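Take a look at the structure below.
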Amino acid sequence: MSHTTRTGEIHVPILARVEGEGALDIRIAAGRIEALKLRIFEPPRLFEKLLEGRSTQDVIDSVARICGICPVAYQMSAVAAIESILGVTPSPWVEAMRRVMYCGEWLQSHSLHIHLLAAPDFLGYDSAPAMAKDHPDEVRRGLRLQGLGNEIIRTFGGRSVHPVGLCPGGFFHAPDAATMQRLREQLAKGLEEARELIAWTAGLPIPEDDQDFVSVSLRHPRDYPITAGRIVSDQGLDIDPADFEQRFREFQVPHSTALHAQLDGHPYLVGPLARLNNNLDRLPADLRQLLDDCGVAFPSRNMFHSIVARAVEIHVALAEALRLTEDYEPAAEPRVEVPTRAGVGFGCTEAPRGILWHRYALDDEARVVEAQIVPPTSQNQARMEEDLVTSLTRFGLERDDDALRLHGEMVIRNYDPCISCATHFLDFHVVRK
Amino acid sequence: MTTGTRRARIAVHKFSSCDGCQLAFLNLGEPLLTLAETVDILHFAEAGPIDEEAEVDIAFVEGSVATSQDAARLRGIRERSRYLVTIGACATAGGIQALRNLHDADEWVSGVYAQPEHIDLLADSTPIAETVKVDLELWGCPVSGEQVLGATKAMLAGHLPRVDHSAVCMECKRQQAVCVMVSQGRPCMGPVTSTGCGAICPRWQRDCYACYGPAVQANVSALATHLADTGMPADEVARRLLFINGHAEPFRAEGLDWQARVITRQGSEEEQG
Ligand code: SF4
Ligand code: SF4
């Protein structure tokens, strides 16, 4: 078998350092990739069905359980949809504190991904504890930032995984001023560490791999998008979340329990890189400067720059949490009364991994008649497959199975795929004949 | 458990779940690095190491049995592990996804998928202990870092920890939290729910929804009757019981009983009409 006409199959049975279970199958024939399948075999848990008949509070408490890493995102998209149906506008205090809580999740999820899941790839380790032996300060800084994110969530929700604080109309409980003061002191220290983190990620040995893709994210008139905005792309898309289904289509492929999605019939990217590419002008001036100085040019077409984008968003999250709690006082009444009524509503927020779209139909007792949830990882699946074909071909299909497997896993990990979310990934197969 | 000759071996396995219980390890911070230095973590896909076939001293299992492949994989894990510990409501009680056990699962699958024939899903989501022997059950959705770390330390010292399953109410009293049932009339599940969370919900001024499973000697039917007496419709009482730990007894039997009352009542209304 000559290098240019290599034929065979590669199979990666369980993907390490991704959330959930999946596998990768590649068939190479005559030196090119004939078929590539990212198989997600995480069993579906059928949330959209089990929500039927449930109250709005049950929805908020249930959808968190779709994903242990981004429960806040699920709760926030759900509560936005529910409040739009019930005709409730939360107070400015609630709006601001929800954004702070969401920042906690970005901080926790991004930091976990950078340090425990992605960075070991770039530095050649198979796990964070292994990496910690040679890079103890960096790993510990990462764990501290992750812990800080968890602390923010805990402040508003009692615990960081499946927090219990959110309700239609606001929060059950307002943290007291002393608690917030203590949190703010830690956040200020974290901000300094976030600056160092950006420089560190920008200095990692990141492969060159520019590709064509469409970046899709929210866009807000004033802020870096987190809890609200219109859905936009860098190709001119600009729609209200209510019109999502007119342009985006979800469909099933036989090799995955997660539905795929396309925008106008084509794959697209959601997540930190897409968000940053589309919202550079929404960064605070000092962060923009920091980014210009770090040596990575954004908008970027290199998917591997996702790790830098995550570090930038860690900075955004910390700075936003500090800004929004500057003159913090607990609200006397952290929630408004909500009526019960029927209707259809949409919620779309920026989960750490990208836009998370929910649609609910409620009956006149505000119980769920129908629910539909489109998580970021489903949306990225088609893009991941497209990326894998390009990246592995560029990497060199003549390389041995282990090298291809490692590179494939590294490409996939960039997307921080959350397979638990997507099923509501990775076993690796290459077939070379 | 550490013999003089080698370090203890640990594995973390995943079945049908949200990954939230594994985070109890990944969110430990510094203690995670310490743990990784004292034991050999041989299988923990989300954290890096993959060796599903490894012989271990402690296997932590997250998630419920949900596909046609799961039972065989689980039996293999059981054979190769000295202690098998379930972490969380999914592994210990079937999880929130066990709500499908009360419905026509096929109908649910075809409600979500255009080609349901490609989906491998058992009709029921079941706890690990319905398939293999479990040495220790850690309840909670999710379990906390203290729970997993405490249990690990006890097992490394050679014994299984004793877990307190008294009611959340006891914890509220210890923490001097104001009772949300008495002060706000909220339908709190605290009286029948196992402690372990630190009474988070009452301390957050809301009702407990039983994510830590049933307490010992929980008088579930008395609580359900009380909720109905204060004006909660029977179907809502049923939904309170049939939620995150709805597959666990006595929540399940009592929940089904209240569900049956709804159906009977609807039936008799139809007869009258
Ligand atoms: S018990 Fe709850 S937190 Fe744990 S895996 Fe299951 S759904 Fe997630
Ligand atoms: S109070 Fe109840 S619902 Fe809340 S965290 Fe504790 S056990 Fe779970």
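A Cβ is built for glycine as well, from the same backbone N, Cα and C atoms used for every other residue.
TrEMBL annotations: computationally assigned, not manually curated.
According to TrEMBL:
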- A:GLU48, A:ILE373, A:HIS424: Mg(2+) binding site (BINDING)
- A:CYS67, A:CYS70, A:CYS418: Ni(2+) binding site (BINDING)
- A:CYS70, A:CYS421: Fe cation binding site (BINDING)
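Cβ neighbour count for A:CYS70 (Ni(2+) binding site): 27 (other Cβ atoms within 10 Å of its Cβ, all protein chains included). In this view, the densest Cβ surroundings among the binding-site residues A:GLU48, A:CYS418 belong to A:CYS418, judged by other Cβ atoms lying within 10 Å.
Nearest neighbour of A:GLU48 (Mg(2+) binding site) by Cα distance, taken over the binding-site residues A:CYS67, A:CYS70, A:CYS418: A:CYS67.
DSSP assigns A:GLU48 (Mg(2+) binding site) to a helix. Look at A:CYS418 (Ni(2+) binding site): DSSP puts it in a strand.
DSSP assigns A:ILE373 (Mg(2+) binding site) to a strand.
If you measure from the Cα atom of A:ILE373 (Mg(2+) binding site) to that of A:CYS418 (Ni(2+) binding site), you get 14 Å.
The Cβ neighbour count for A:CYS67 (Ni(2+) binding site), using a 10 Å radius over every protein chain in view, is 32. A:ILE373 (Mg(2+) binding site) counts 22 other C-beta atoms within 10 Å of its own C-beta, drawing on all protein chains shown. In three-state terms derived from DSSP, A:CYS70 (Ni(2+) binding site) belongs to neither a helical nor a strand segment and is classed as coil.
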